[in-house]
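*Asks:* Below is the structure I would like to discuss, written out as structure tokens.
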Amino acid sequence: MHHHITDSDRQLTATMESSAFRRTAVIARHLDSSNSTSDKSVSPSSCLQITSPDQIESAQFDTALMRNLLDGHDLEVRDWVFRLMEESELFRFRKLDGRDYVFPDYQAPMEQQREITLQRILYLVSKGVSDGWLSWKGKEGEMRNLAIFDCLGLYDHSLGVKFGVHYFLWGYSVLFLGTKRHHDKWLNDTEKYEIKGSFSMTELGHGSNVRAIETITTYDPQTREFIINTPCESAQKYWIGGAANHATHTVVFSQLLINGENQGVHAFIAQIRNKNGKVCPNVRIADCGHKIGLNGVDNGRIWFDKLRIPRENLLNSLSDVMPDGRFISSIDNPDERFATLLAPLTAGRVNIPSNAVYVSKLGLAIAIRYSLTRRAFSISPGDEETLLLDYPSHQQRLLPLLAKTCAMSFSINRLKAIYVNRTPATTKSIHVYSSALKASITWNNMRILQECRETCGGQGLKTENRVGILKGEYDVQSTFEGDNNVLMQQVSKALLGEYIKTQKLKKPFKGLGLEHMNNHFPIIPVNLTSSIITTSEFQMDLFCLRERDLLTRFASQVSELQAHGESKERAIIQSYQLASELGRAFSEKVILHDILEAERAQPVGSLKDVLSLLRTMYAMVSIEEDASFLRYGYLSQNNAAAIRQEFTKMISKLRPHALAIVKSFGIPDSFLTPLAFDWVEANSWKALYKQK
């Protein structure tokens, strides 16, 4: 078979030869010993010197005021907790490049990590960190707790989780699900960490679907005791933080069977170890083993072999069992009862995204500082090598993520405010907002940590530089306290419920930020200009248009499937693609709204200008990353191209503010790594000798 050479073949060959020639020329120039840059590189006086970006790049806005906005509350408490950790050898890693660094030794064996995590909690408790944790009065105390938890999680996820399991999950269960008899017996010892609580909800066979857990509790009226039993292997409690080594007590979530009738999931207090640390009779515990992260938390598995507990150990704020075995409840409807049971435990879905935002800040602070000291390649022969962050491609990798993280900070602050001001009427909105933000922000955190790892090059692989190891440490956030994909489906389902209710009652939308759907459809200009693209009005119109259209499409598809004989639940499941897009649209509109509110609250000046820049950058990167804007025609191809062009301009405008923004995060230098400062000195032979 003969191959005839065509003109296109010749053109391709010429192109390949030309490309090969250019690559060869570049390599030759780097290798040429007569090249001026080569002479410069071997000169002793030209050895690489790290110049601190703090000496070169000055802030154009008030970084202290920006920190006030981003942190939102309790700055003095945060700084106090940071100092407590800096002052103790329990928290220090080692001295490098002349600095003491404060972060855990991730290379320590699992048992050692678990033990030192326990010692760190005992130290913090001795310093008063947990004082008033469960006995505060008013919203201020609860906000203080949230601020402290941010700081602990920023130091080490294992510390935050182990502390949080005891004080939030166990402690808040006793506080909010229990009554005076439980408070009097357990809260004081919990606050002082004299008992160590855990939270037994998840089972081997059931995680997100709590209503279907298989642990069974019955009541014996003769002895006035409950009997907790693990009836099958899939009912074993799994991933129970603290259970493997240290927990003395646990809140057991179980089906309650009274006279053969299932009254649904209830919560019970059970002791699982005595004061000497020995596992109690009729309780079996096994270790979950080594994990890809969080190895400072002793996750365990628990089986109950007809464990008897006093009748009084039922957490009875909603339901109770009388001594004679009669079941009573203040809420007759089992669905409402179950929702009310879980509502007070929403703190987890507030804490997790807040923690994720701070870890994103940590990764970005390290990666951006490194990119302001690391140089690579000279753009012209004889020139100094170029800083990584002065490459437009490097800016595009990090700066939009910086804008996202700042925007998400404002949403976290709003979520915290909604949570601490909760009432029965706000239960649904807290569930929807916390679910949406938990999913969006934890997914974003993993994306940021990966990008930070890559932008740090080979140094990102080194454990002591943190950005790489943090990926494994925080990966679990995507699935615990609710799988992110399931949470997003719940968000879309809640929005669908509002849509159906509004259509049925012929009333305007009210709540969940859907009021914009009472107005006319937003009109997007045919030809977008720079002056239009950067306005908050255009950005909100576009985001509202997307949410409105996707909700309408979702409702129509579900309705159409039902018309063809599908049940409502199956119709929703089959519409998962639209549900996923709607969840994203809702989350991103909420976040845009929150940074816009923060911007509007500022007087005219440099800080307001930077917030405006961050808000526009957030809107644009969200548009860039979501195909919905083109798929459903919210933007024409020309308008999408105009936004990309403006996006590129915005990135270069944000570049001068990068260092000042990460300094506004309020993270102590000691919590960063050598990569953020003099990484040459930290890797010197002298530093190696000092470590030995």
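Our numbering is plain: 1 for the first residue shown, then up by one each step along the chain.
The backbone N, Cα and C atoms fix where each Cβ goes, glycine too.
Nobody curates TrEMBL annotations by hand; they come from automatic prediction.
This is the feature table in TrEMBL:
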- Glu481: active site, proton acceptor (ACT_SITE)
- Thr202, Gly241: FAD binding site (BINDING)
- 198-306: domain 'Acyl-CoA oxidase/dehydrogenase middle' (DOMAIN)
- 345-496: domain 'Acyl-CoA oxidase C-alpha1' (DOMAIN)
- 540-672: domain 'Acyl-CoA oxidase C-terminal' (DOMAIN)
*Asks:* Provide the three-state DSSP residue tally for the domain 'Acyl-CoA oxidase C-terminal' (540-672): helix first, then strand, then coil.
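*Replies:* In the domain 'Acyl-CoA oxidase C-terminal' (540-672), the DSSP-based counts are 110 helix, 0 strand, 23 coil.
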*Asks:* Which residues, sitting 6 or more apart from Gly241 (FAD binding site) on the same chain, put a CB under 8 Å from its CB?
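*Replies:* In sequence order, Val161, Lys162, Val165, Leu169, Ser198, Phe199, Ala247, Val297, Asp298, Asn299 meet the Cβ cut-off.
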*Asks:* Relative to the Cβ position of Thr202 (FAD binding site), how many further Cβ atoms are located within 10 Å?
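*Replies:* Here the count is 21.
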*Asks:* Whole-number Å only: compute the distance from the Cα of Glu481 (active site, proton acceptor) to the Cα of Thr202 (FAD binding site).
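*Replies:* So the alpha carbons of Glu481 (active site, proton acceptor) and Thr202 (FAD binding site) sit roughly 10 Å from each other.
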*Asks:* Within the domain 'Acyl-CoA oxidase/dehydrogenase middle' (198-306), count helix residues (DSSP H, G, I), strand residues (E, B) and coil residues, in that order.
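*Replies:* Going by DSSP assignments, the domain 'Acyl-CoA oxidase/dehydrogenase middle' (198-306) contains 6 helix, 51 strand, 52 coil.
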*Asks:* Have a look around the residue listed as 'active site, proton acceptor' and count the other CB atoms within 10 A of its CB, chains all included.
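*Replies:* Other Cβ atoms found within 10 Å: 25.
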